[in-house]
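K.L.:
Below, the features straight out of TrEMBL:
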type	residues	note
BINDING	A:Lys5, A:Phe6, A:Gly7, A:Gly8, A:Thr219, A:Asp220, A:Tyr225	ATP binding site
BINDING	A:Thr49, A:Glu120	substrate binding site
DOMAIN	A:389-455	domain 'ACT'
Number of protein chains: 2
Amino acid sequence: MKVVKFGGSSLATGSQLEKVLEIVKEDATRRIVVVSAPGKRYEEDMKVTDLLIACGEKKLAGEEIGNLIDTILERYVNIAKELDLSNEIIAKIEEDLLDVLNADNTNKNAYLEAVKACGEDNNAKLVAHFFNAKGVEAVYVNPKDAGLIVSDDPGNAQVLPASYDRLYSLREYKPIVVFPGFFGYSEKGDVITFSRSGSDITGAILANGVKAELYENFTDVDAVYSVNPSIVSSPKEIKELTYREMRELSYAGFSVFHAEALIPAYRAGIPVNVKNTNNPGVPGTRIVASRNNTNGPVIGIANDKGFCSIYISKYLMNREVGFARRILSILEEFQISYEHMPSGIDDLTIILREEQLAGKNEQEIIGRIKEELQAEEIVVEHNLALIMVVGEGMRHNVGTTARATKTLADAGVNIEMINQGSSEVSMMFGVKEPMAKKAVKALYEEFFSQKSLQN
Amino acid sequence: MKVVKFGGSSLATGSQLEKVLEIVKEDATRRIVVVSAPGKRYEEDMKVTDLLIACGEKKLAGEEIGNLIDTILERYVNIAKELDLSNEIIAKIEEDLLDVLNADNTNKNAYLEAVKACGEDNNAKLVAHFFNAKGVEAVYVNPKDAGLIVSDDPGNAQVLPASYDRLYSLREYKPIVVFPGFFGYSEKGDVITFSRSGSDITGAILANGVKAELYENFTDVDAVYSVNPSIVSSPKEIKELTYREMRELSYAGFSVFHAEALIPAYRAGIPVNVKNTNNPGVPGTRIVASRNNTNGPVIGIANDKGFCSIYISKYLMNREVGFARRILSILEEFQISYEHMPSGIDDLTIILREEQLAGKNEQEIIGRIKEELQAEEIVVEHNLALIMVVGEGMRHNVGTTARATKTLADAGVNIEMINQGSSEVSMMFGVKEPMAKKAVKALYEEFFSQKSLQN
């Protein structure tokens, strides 16, 4: 049994839904379909979820919503018309939309959560209706009925462990189950949404619950690429990578997939297959627990900007038991989480995301560290980028670090920071932001160009 | 005004003392002489301080001391005879030795401290006597009389700040001041010794107190070498290095000088000159606050073994605020101080000295971390060596890391860990112990061979 999730762009138009139907029909083991809300049809289009949020917020603010509801409904109507569906389903969606948007909104959070979720919910109903109309027996299943119960944490719901056992009974359905992504229900019965990539999370939870053999995640790209295609054109596609590699890449800017979304699948050891709705014949990218290393030491190169560093030095720092712990305690008081902490003998550097410092009093934090730890020098540096060179094959590969650092040197990129633990699934370089693209290009050339792969 | 310190091997025999006298006479600004106890005359010889400790401990244990006192006294007698000194000074030393060794030892700590210190104390008296006998006006000054007051921390005394002002009056002495190294007095008047390299510390404190222009530290080597001479024969001598470079090198095994000993001189910005008593004509090594970078990026390569690592991994570790802080708190409970903590996204590695784990329950520590942080995997690896490539010139030198890593790769040395902060005064590599010598040799060849210096 496979759980198949389709993203917003795979469900934006009637012709996209036809592709989805073909994909589901093609493999009899695709029994559970998780759907997002209709996404963008073209670059400047708006996603249904964004329209819903705009509408809900206007309602809450007591502002005029104009023809927003019509605009939203039209998205479903257009799809239904394109697919020759009956008015019955549109009437149903309209009724639900009006119910949700005109509901009592004394509890603002609960109101917005329900509004946000109805994009997926109605789309699931539409898709199920469409499947049935085309002779493929399907049934819409609501998360509450299926027992998908989550923590009462709006916008950041965590699945409650008891859900998994209940979800197992989804296996019993004869028709194909069409399930809305992005939300579950709290124990007291309120709609609660997941964080961004919420439909990916629903798919992973269902895959875990029904003990699927595979979790297929259909997007609009052929594969996860080995490097950001906006930096290197037509980069190599990744055929297979491990959860850990995916996690390291997604940490540093790979946005195709949020690694957190994978956790339920990861915990159950279920492979994930990222595929393209618009090109379902290509095998896509498989994310697995372990893989054979056949493609050289490096599988991907990621980069992310928006980091800063706090450099702290004090003569004989390393003789002071608890020095680093006290710094981290101060940061924790300010609710700041840090990323890395490379250290010399008498200095250490804390790498953190700029957003962690934003809105906080940088001077106050520096002052506290300076005073309480009697640090001699503290320097904050902004506009750093992190570059991650990722690959399980780097473990025990003597030359990879040398190749990477030489490549950066030859490209004239100064390395501000290197952080390499004993895991060696990744190597991390800190560089100044303006250097990042140049660095990534050079590293890609070194590890992925035809020339280097022949070596 | 210069403060001049002579180590034990510079004071082991009469002929060594004659060299010392010549050195002092040669420069009229050498006004304060700090002396160690007589050191080894040959490889298998015993230092006077070690004889004193052995004697004191036997006394405390109520054991027979045999002819130990004679053996100790003989060291001074031999020197005095060799230099044709009067019996008067020997009688004085003998009286003091017997006083100290036969004193009440109810307070064991205080007794041993006084015993340990009398090696230096009597040697200062002997040297002052010898200088006077040779027509060089000199005076023994006792630390208590000079106002060298320290914390009541036997074997690890810390100078009290008020001492510095009092020591300033040592400038007023007309005769050359001969000052015993290694100890001061507590506020209640007890002898308290410094940690190892204690005479170096005394010299640095005096240099600070009298605002010396230079602190000369006479040993038995021509210079600080750029690498351990037991690994590379006849390595390059370092002419000038910064406090910070010295500190990084001494951290990782350079034993000529303990960096802590320098602190008082460092704080006062006084340069330190390491020189050779047996070859005073050579300029030696200067340790300064800043230097011109003229000799390539690297000034020295140090290595030290006896490290181990604790690797901890947990999926999504970096989303947990306080994860590292909690690990460090557990280590602190066990009184364990760590050295470095490189990290990946979902893993971190704690590098520590083996001695920090010794005698502790490794399993208990691992268990605590596993349970309290719900870590998924914990691996302890022993027998690691750290290699430090040090040099102020590495800052902003694009290619140094590349050269170092390529060198290690070419030598077949796998890098277990790299830790490079934003300071870039040093680069640290963790390798397995059996690889360390090979790694150091290769790095030396790369950065110091004639070939590479011509580049």
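Think of each number as a place in line: the chain as shown, counted from 1.
Glycine is no exception: its Cβ is also placed from the backbone N, Cα and C atoms.
Heads up, TrEMBL stuff is auto-annotated, nobody curated it.
Surface or core, plus neighbours and distances: that's what I need for these features.
P.N.:
Cβ-based neighbour count (10 Å, all protein chains) for A:Gly8 (ATP binding site) stands at 24.
In the structure as shown, the Cβ atom of A:Thr49 (substrate binding site) sits within 10 Å of 24 other Cβ atoms.
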K.L.:
Whole-number Å only: compute the distance from the Cα of A:Tyr225 (ATP binding site) to the Cα of A:Thr49 (substrate binding site).
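P.N.:
That comes out at 27 Å between the alpha carbons.
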K.L.:
Under a criterion of Cβ-Cβ distance under 8 Å and sequence separation of at least 6, what residues of the same chain contact A:Glu120 (substrate binding site)?
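P.N.:
Looking at Cβ-Cβ distances below 8 Å from A:Glu120 (substrate binding site), excluding near sequence neighbours, one finds A:Val35, A:Ser36, A:Ala37, A:Thr49, A:Pro180, A:Gly181, A:Phe182, A:Phe183, A:Ser199.
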K.L.:
Whole number in angstrom, please: the longest C-alpha to C-alpha distance across A:Lys5, A:Phe6, A:Gly7, A:Gly8, A:Thr219, A:Asp220, A:Tyr225 for ATP.
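P.N.:
Looking at A:Lys5, A:Phe6, A:Gly7, A:Gly8, A:Thr219, A:Asp220, A:Tyr225 as a set, their Cα atoms extend up to 20 Å apart.
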K.L.:
How many neighbouring Cβ atoms, not counting its own, are there within 10 Å of the Cβ of A:Lys5 (ATP binding site)?
P.N.:
27
K.L.:
Out of A:Phe6, A:Tyr225, give me whichever of these binding-site residues has the highest number of other Cβ atoms within 10 Å.
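P.N.:
Result of the Cβ crowding comparison: A:Phe6.
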K.L.:
Are there any residues at least 6 positions away along the chain from A:Asp220 (ATP binding site) with a Cβ closer than 8 Å to its Cβ? List them or say none.
P.N.:
A:Gly7, A:Ser9, A:Ser10, A:Asn276, A:Thr277, A:Asn278
K.L.:
Please count the residues of the domain 'ACT' (A:389-455) that DSSP assigns to helix (H, G, I), strand (E, B) and coil.
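P.N.:
Residue counts in helix, strand and coil order: 35 helix, 13 strand, 19 coil.
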K.L.:
Can you check what DSSP calls A:Glu120 (substrate binding site), collapsed to helix, strand or coil?
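P.N.:
Looking at the DSSP assignment, A:Glu120 (substrate binding site) belongs to a helix.
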K.L.:
What is the average pLDDT across the domain 'ACT' (A:389-455)?
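P.N.:
Looking only at the domain 'ACT' (A:389-455), pLDDT averages out to 83.
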K.L.:
Once the chains shown are all counted, how many other Cβ atoms turn up within 10 Å of the Cβ of A:Thr219 (ATP binding site)?
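P.N.:
Around the Cβ of A:Thr219 (ATP binding site), 23 other Cβ atoms lie within 10 Å.
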K.L.:
Per DSSP, A:Thr219 (ATP binding site) is which: helix, strand or coil?
P.N.:
strand
